[in-house]
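TrEMBL annotations:
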{"type": "DISULFID", "residues": "CYS132-CYS142", "note": "disulfide bond"}
{"type": "DISULFID", "residues": "CYS172-CYS182", "note": "disulfide bond"}
{"type": "DOMAIN", "residues": "87-127", "note": "domain 'EGF-like'"}
{"type": "DOMAIN", "residues": "128-167", "note": "domain 'EGF-like'"}
{"type": "DOMAIN", "residues": "168-207", "note": "domain 'EGF-like'"}
{"type": "DOMAIN", "residues": "208-247", "note": "domain 'EGF-like'"}
{"type": "REGION", "residues": "42-67", "note": "region 'Disordered'"}
Amino acid sequence: IDECEIVPDACKGGMKCVNHYGGYLCLPRTAQIIVNEREEAAAESASGRNNVIRRTPADPHRAPPNPTHQIQCAAGYEQSDHNVCQDVDECATGTHNCRADQVCVNLRGSFSCQCPPGYQKRGDQCIDIDECTLPPYCHHRCVNTPGSYYCQCNAGFQLASNNHTCVDINECDANNPCAQQCYNILGSFICQCNPGFELSSDRINCEDTDECRTSSYICQYQCVNEPGKFSCICPEGYQVVGGRTCHDINECETTNECREDEICWNYHGGFRCYPRNPCQEPYVLTSENRCVCPVSNAICRELPYSVVYKYMSIRSDRTVPSDIFQIQATTIYPNTINTFRIKSGNENGEFYLRQTSAVSAMLVLVKSLSGPREHIVDLEMLTVNSLNYRTSSVLRLTIIVGPYAF
């Protein structure tokens with residue numbers, strides 16, 4: 001029996017196997033083996049091995065072999081042309097009885113029926129080995145096939161060159177499926193959108209965010225949606241400040257269109273031109289905005305002594321009640337009593353005059369006003385002394401209500 005062929009890994013530690021009758025030897029690979037040619041079987045056994053030297057001793061008395069002499073060979077051997085017994089290769093001659101699913105392996109004097117790789121013998125049959133039930137061959141998933149197997153990876157991974165390990169696929173570098181920003185994560189990826197956009201339902205594409213629909217307070221006046229952003233606009237007479245707030249433009253400082261005999265008065269959302277001399281007969285101008293009726297004129301005895309013109313602006317829909325203007329005596333006389341009243345311009349009851357001291361009163365807005373509109377309110381201060389002398393002065397207040405609440 002040639003143990004060197006049929007015993008798996010017969011020699012350990014890098015030794016080489018040398019067969020001989022009745023056993024085998026494990027020798028260093030550098031060893032040389034000298035075989036006596038007279039021992040034919042031994043010579044036959046040693047032929048073909050590394051570092052084997054055939055030596056035929058000189059024997060002058062040896063007679064040449066008898067070519068007519070026939071020898072008896074054991075089963076599995078046959079006589080050669082040189083009258084020696086040589087092994088019969090049953091696998092080559094087809095004289096074996098291995099099944100079609102088995103592999104014939106020739107042995108000295110015999111043969112062996114073995115299973116192909118990936119199969120194991122069970123009785124006289126070859127049964128597929130399910131490698132997927134053995135210690136893990138595959139990183140993620142194992143798929144058994146007849147006589148073999150292959151590995152599969154989970155989504156987002158691909159097989160490495162060793163066909164066993166799974167490595168992450170960087171989808172962002174491979175084909176970047178995202179419409180805008182792509183971030184690779186283990187086994188997958190995440191899409192994000194630039195500011196002003198939001199992910200669509202497919203989690204890949206980006207849709208413009210209509211910021212104007214998300215909140216009605218994003219702009220003070222009007223919001224205009226744009227791709228990836230928005231902008232705020234203001235009505236005429238206002239300019240955008242800080243991107244969202246509307247601030248009144250002072251036309252009196254920028255585009256003053258009033259005549260030289262007029263003064264420009266700016267209000268929320270616009271401007272008005274008023275005469276520099278607002279006095280009407282029989283009043284005469286004594287100082288800026290102040291008209292006096294001379295006592296020398298008999299008509300003046302029935303009229304207020306003075307009329308002062310003032311202008312103010314308030315926003316539309318102002319919260320009420322709200323103090324909006326204070327009237328105060330410019331000249332204080334001893335032993336006099338001052339009373340205040342709204343002489344005209346309060347037909348709808350929008351205002352109330354509250355006296356705050358002996359010489360002052362506060363105009364209070366009690367009904368919300370919507371603009372644009374103009375109110376002219378005459379506020380009168382009546383002065384009476386101990387001698388029952390009566391006089392009055394009027395403050396003509398022009399209140400301009402802006403078109404908007406800003």
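A Cβ is built for glycine as well, from the same backbone N, Cα and C atoms used for every other residue.
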Could you state the CA-to-CA distance between CYS172 (disulfide bond) and CYS132 (disulfide bond) to the nearest Å?
-> 33
Per-residue pLDDT averaged over the domain 'EGF-like' (168-207), given as an integer | 94
Grouping DSSP H, G, I as helix and E, B as strand, the residues of the domain 'EGF-like' (87-127) number 4 helix, 18 strand, 19 coil
Residue list, the domain 'EGF-like' (168-207) vs rest of chain: Cβ under 8 Å, 6 or more residues beyond ends.
-> 154-158, 227-230
Could you state the whole-number distance in Å separating the C-alpha atoms of CYS182 (disulfide bond) and CYS142 (disulfide bond)?
-> 31
CYS172 (disulfide bond), Cβ-centred 10 Å count of other Cβ atoms over all protein chains shown, is 17
Within 10 angstroms of the C-beta of CYS142 (disulfide bond), what count of other C-beta atoms is obtained when all protein chains are considered?
-> 18
Taking all protein chains shown into account, the Cβ-based neighbour count within 10 Å for CYS132 (disulfide bond) is 16
